[in-house]
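Reviewing the structure listed below.
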Amino acid sequence: SLIVFLLILKDPDFWKEWAQRTLKNALTLQDLNKNVAKNIILFLGDGMGVPTVTAARILKGQMSGQNGEETQLEMDKFPYVALSKTYNTNAQVPDSAGTATAYLCGVKANEGTVGVSAAAVRSQCNTTQGNEVKSILKWAKDAGKSVGIVTTTRVNHATPSAAYAHCVDRDWYSDGDMPPEALQSGCKDIARQLFENIPDINVIMGGGRRSMYPRNTPDVEYPGDKKHNGTRKDGRNLVAEWTDRKGYYAWNRKELLSLNPNDVDYLLGLFEPGDLPYELERNKETDPSLTEMVDVAIKILRKNERGFYLLVEGGRIDHGHHEGKAKQALHEAVEMDRAITRAGLLTSIYDTLTVVTADHSHVFSFGGYTPRGNSIFGLAPIVSDVDQKPFTSILYGNGPGFKLVNGTRENVSTVHYEQNNYQAQSAVPLSMETHGGEDVAIFSKGPMAHLLHGVQEQHYIPHVMAYAACIGQNKDHCRANSGSPSLSHISPTLAFLLSVKWLLC
């Protein structure tokens, strides 16, 4: 069958027919979907630059026995793709906090700050007040929608925190992580803001238990490990406050999957003291996958007849790259793509706008003239013509994979370069690999997805999502639609009746 496949690839008609099928599909996009988005979902692959998307596509195919290059990720199937310019107001190569403020609050900001404008200065508490900016999650909640946050990092990490917090330092996870002067000046830690700023967030899932409990409180899962103990100085038990108020709480996979979403309106799921484990290392008895969390989240949120907003972060793509562990990063990206598939099965493109993007890229690359079907984690087919040693296709511009043996580059053929935690070679030695500064992709489908086109500033993203859903500041165009699906898609009589109804309201 491999011989047959190779013969097919040599037939020009194979490629022509494929292109013609793609063309016919593209022609259907001339009828733009201008419906009102009842639901809006943002999938954020932290650190998922374009090279990561391509490599994850190949990995996904190879995991199912294919060559990989011809495989389609779920995000590849989205009809619209744009590029996002990721710089922060004070950084050419950005961080995840300033970027989160851009794609959630619609305002570019300084690196290291969340939910505040560029007038706020990192770590300076007294620059917070008056510089707060609201997020699309808040806009959606104010419009009566249900809202949720799902992440594989801590729920008070940079990406999710910009959805609800206003903080001049992304590292102020709990009050135990804050300097005394900041506390004395009235600044609040991010975990506290999660429960106080928007007290009725419907679904919150991820890690971060230790930020929610009083200092020295043993963790429920690791009671003998002091590094997982609670860190709060104020003595508050934020989980108990949540359950006392109205919400369900789950700390393991079994508890989560035993819930009936029809009986749950508010859910807090904290499955680790810190970040969730990598997908390749996940304990399938105790920790849910990103796909499982997204499944439960949507089933809870979609009960609201006004719809929902959901932020989903594949947050550990970024961590894998920082550690130079490309295999961990790419498996995280594949898992996020599974979650995107699941969300698509639970929603409709007619009333749900789904956007997939990244906050920034990484100095991750793969090359070396590898042949079709080469393992994405494998060697290039040639050796260096300078040091006569082999090299892996995947390399980093900088990071912890820099290694010299007897004064020369390590011979990778002598190590297990396909193991899960192998650190790919890097050009410059750093304890942690850095972000990349190039544009990242924005994939979109559903109502008004065509507005995400061309090359755009990152802070444009939530404005489009809000426009599609008739929330936030862009509502004038919705008046003719009376908050219903586009009138161009319904009968003139019904359109007239809806217009009259709106005028009478």
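Using the three backbone atoms N, Cα and C, a Cβ is placed for every residue, glycine included.
Small disclaimer: the values here were computed from a predicted structure and weren't measured.
Quick look at what TrEMBL annotates:
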ACT_SITE  S96  active site, phosphoserine intermediate
BINDING   D46, H157, T159, E313  Mg(2+) binding site
BINDING   D46, D318, H322, D359, H360, H435  Zn(2+) binding site
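Structure with TrEMBL features highlighted.
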{"residue": "D46", "record": "Mg(2+) binding site", "Cβ within 10 Å": "28"}
{"residue": "S96", "record": "active site, phosphoserine intermediate", "Cβ within 10 Å": "27"}
{"residue": "H157", "record": "Mg(2+) binding site", "Cβ within 10 Å": "28"}
{"residue": "T159", "record": "Mg(2+) binding site", "Cβ within 10 Å": "29"}
{"residue": "E313", "record": "Mg(2+) binding site", "Cβ within 10 Å": "29"}
{"residue": "D318", "record": "Zn(2+) binding site", "Cβ within 10 Å": "29"}
{"residue": "H322", "record": "Zn(2+) binding site", "Cβ within 10 Å": "21"}
{"residue": "D359", "record": "Zn(2+) binding site", "Cβ within 10 Å": "31"}
{"residue": "H360", "record": "Zn(2+) binding site", "Cβ within 10 Å": "28"}
{"residue": "H435", "record": "Zn(2+) binding site", "Cβ within 10 Å": "23"}
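Residues D46, H157, T159, E313 make up the record's Mg(2+) site, and a Cβ search at 8 Å around their centroid adds L44, S96, A100, T151, T152, T153, A158, P160, G314, G315, D318, D359 from the same chain.
Comparing CA positions across the recorded positions D46, S96, T159, the one lying closest to D318 (Zn(2+) binding site) turns out to be D46. A gap of 13 Å separates the Cα atoms of H322 (Zn(2+) binding site) and S96 (active site, phosphoserine intermediate).
Put simply, T159 (Mg(2+) binding site) is 12 Å from H360 (Zn(2+) binding site) when counted between their Cα atoms. Spacing of D46 (Mg(2+) binding site) relative to the residue listed as 'active site, phosphoserine intermediate' is 8 Å (Cα to Cα, whole number). Taking the Cα of D359 (Zn(2+) binding site) as the reference point, the closest of the recorded positions S96, H157, T159, E313 is S96. For H435 (Zn(2+) binding site) paired with the residue listed as 'active site, phosphoserine intermediate', the C-alpha to C-alpha distance reads 9 Å.
The shortest Cα-Cα distance from S96 (active site, phosphoserine intermediate) to any of the binding-site residues (H157, T159, E313) is found for T159.
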